[in-house]
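All remarks here apply to the structure that follows.
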Amino acid sequence: MHEMSIALSIVDAVVAKARQEGGVRISAIDLLIGKLAGIEPESLKFCFSAAARETLAAEALLNIEEPEGVGECGECGMSFPVNFYYAECPRCRSLRVKIVSGEEFLIQSMTIEEEGE
């Protein structure tokens, strides 16, 4: 389950940034995880809840946006939705398809609370 190592990395990154900013608690974390990134969002949420225990992120709400996969044909230039890494262009049937969206994985933002909030 690689989601646990990903969850631990997220916790490390957000806690370090929150401390740098003088935060005492993280209330929300917004992630962008493309549907082709190979990460199961529900597993990540489960692992995150375990990884965040006893940290500034222990009560953080994990919001995950999942952009669809998009491919672009290297022959005719058509862009189209893809669900797998290997796709055929629906227009010209070429297999020269480049994935242009759906592999993203990043921490978009987080909400840090300061003392007294």
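Cβ coordinates come from backbone N, Cα and C, glycine included.
In the three-state DSSP scheme, His2 (Ni(2+) binding site) falls into the coil class. For His2 (Ni(2+) binding site), other Cβ atoms within 10 Å of its Cβ number 12. Residues or ranges marked as Ni(2+) binding site in Swiss-Prot (evidence: sequence analysis): His2.
Sequence annotations record features per position, and here Swiss-Prot assigns Zn(2+) binding site to Cys73, Cys76, Cys89, Cys92 based on sequence analysis. Classification of Cys73 (Zn(2+) binding site) by DSSP places it within a strand. Its Cβ placed at the centre, Cys73 (Zn(2+) binding site) has 21 other Cβ atoms within 10 Å.
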Whole-Å Cα distance, His2 (Ni(2+) binding site) to Cys73 (Zn(2+) binding site), is 31
So Cys89 (Zn(2+) binding site), by the Cβ count within 10 Å over all chains shown, scores 20
Counting across all protein chains shown, how many other Cβ atoms sit within 10 Å of the Cβ of Cys92 (Zn(2+) binding site)?
13
I want to check the contact list for Cys76 (Zn(2+) binding site): same chain, sequence separation of six or more, C-beta distance under 8 angstroms. What comes out?
Cys89, Arg91, Cys92, Ser94
